[in-house]
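Taken straight from Swiss-Prot:
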type: BINDING; residues: GLY8, ARG11, ARG91, ARG137, ARG140; note: CTP binding site
type: BINDING; residues: GLY8, ARG11, ARG91, ARG137, ARG140; note: ATP binding site
type: BINDING; residues: ASP21, ASP23; note: Mg(2+) binding site
type: DOMAIN; residues: 228-329; note: domain 'HD'
Amino acid sequence: MKIYLVGGAVRDALLGLPVKDRDWVVVGSTPQEMLDAGYQQVGRDFPVFLHPQTHEEYALARTERKSGSGYTGFTCYAAPDVTLEDDLKRRDLTINALAQDDNGEIIDPYNGLGDLQNRLLRHVSPAFGEDPLRVLRVARFAARYAHLGFRIADETLTLMREMTHAGELEHLTPERVWKETESALTTRNPQVFFQVLRDCGALRVLFPEIDALFGVPAPARWHPEIDTGIHTLMTLSMAAMLSPQVDVRFATLCHDLGKGLTPPELWPRHHGHGPAGVKLVEQLCQRLRVPNEIRDLARLVAEFHDLIHTFPMLNPKTIVKLFDSIDAWRKPQRVEQLALTSEADVRGRTGFESADYPQGRWLREAWEVAQSVPTKAVVEAGFKGVEIREELTRRRIAAIASWKEQRCPKPD
């Protein structure tokens, strides 16, 4: 029996990155031998065991053979005669097909070290094309390591295109697509994930609402980048700088979906694109089974981001109504989330990356003013039932009117 550290732990250690999870491959052993040594078996489809002390995963070396459609249609073979090289060959990328023995020596049968040095994401073998999930995984790795200068090898991107055009991605379940997307949204450069999907044709298959934005022009006065798809990825990049929250980043990604519905004869203007985009947000989220909390914020951002841009022109009554509409009284975090997504929208434009966004400050200040109106004072004044809410609204409007007179500049 020989045990090797494999995959991501080896890769990230070589890149000088923190190692989170460690996975091990066991060569020359059997399930019974592992059980006798005190390991606990957890793999149902193939032999994976938990170490009795560390609870890290130890898998018997195995090979995989395509036996059906999609990413689950594989038959696994695990036996003492499966070599380490056999096991590593089934991995997706060469940089993930590295192993380390107990002496610290790196085993590299597929030039993963060379690709690490050259910052290349390259598939190990043609078997890559048998698993459509790998298209998403490579896009996610491209986003995860973009800041280190990694790019996808030309031959790998070609294979990803071939897989997409062959309809392989249609076998992916919504849950797996969302899981990979959510993970990509946590990276430093989530926009790279969607750009890679577009480069290989997968964006049109998995995110048609986003793909439809490319080639749709916006007024050059407000959008020097012109193309709404490019603007969308720029705003996502900006959102990633402003917030680590997946819901803020996803909502920013979806903020302009309604522009994809504008008839070409009306271009480059997109009047009413915000409310129009709400249905597309719901459609996308339902298809991918996006969690409700993330979906709800995306809907609100699509509907209200343009309103927040015009904050100096809003009357106090409209501002209070906005807080009501986003359910800020029960979910106050939404005020900050809308401020961030709206800022990402403004700064996600060519030449505006460092622009100030005072509307965000005013929105936050107005919220603090509205919040400071005490409910207790309304009740003590003798108001009852529905009168309490009506009077509370009147006082909030008055408080914001007073604040706005002093703090928020009047529109020209």
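Note that Cβ sites are derived from N, Cα and C of the backbone, with glycine treated the same way.
Locations of recorded Swiss-Prot features on the structure.
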residue: GLY8; record: CTP binding site; Cβ contacts under 8 Å, 6 or more apart: VAL19, LYS20, ASP21, ASP23, ASN96
residue: ARG11; record: CTP binding site; Cβ contacts under 8 Å, 6 or more apart: ILE95, ASN96, LEU98, GLY112, LEU116
residue: ARG91; record: CTP binding site; Cβ contacts under 8 Å, 6 or more apart: GLY7, ALA97, VAL124
residue: ARG137; record: CTP binding site; Cβ contacts under 8 Å, 6 or more apart: ASP92, GLU180
residue: ARG140; record: CTP binding site; Cβ contacts under 8 Å, 6 or more apart: GLU180, SER183, ALA184, THR187, PHE193
Task = Would you mind pulling the DSSP three-state label for ARG91 (CTP binding site)?
result = coil
Per-state residue totals over the domain 'HD' (228-329) - DSSP helix, strand, coil = 78 helix, 0 strand, 24 coil
Neighbouring C-beta atoms (10 Å sphere around the C-beta of ASP21 (Mg(2+) binding site)) = 10
Key: Extent of the CTP binding site in Å [max Cα distance among GLY8, ARG11, ARG91, ARG137, ARG140]   = 16
Request  = Would you count the other CB atoms within 10 A of the CB of ASP23 (Mg(2+) binding site), including those on all shown protein chains?
outcome  = 16
Key: Where ASP21 (Mg(2+) binding site) sits in the secondary structure, as DSSP reduces it to three classes   = coil
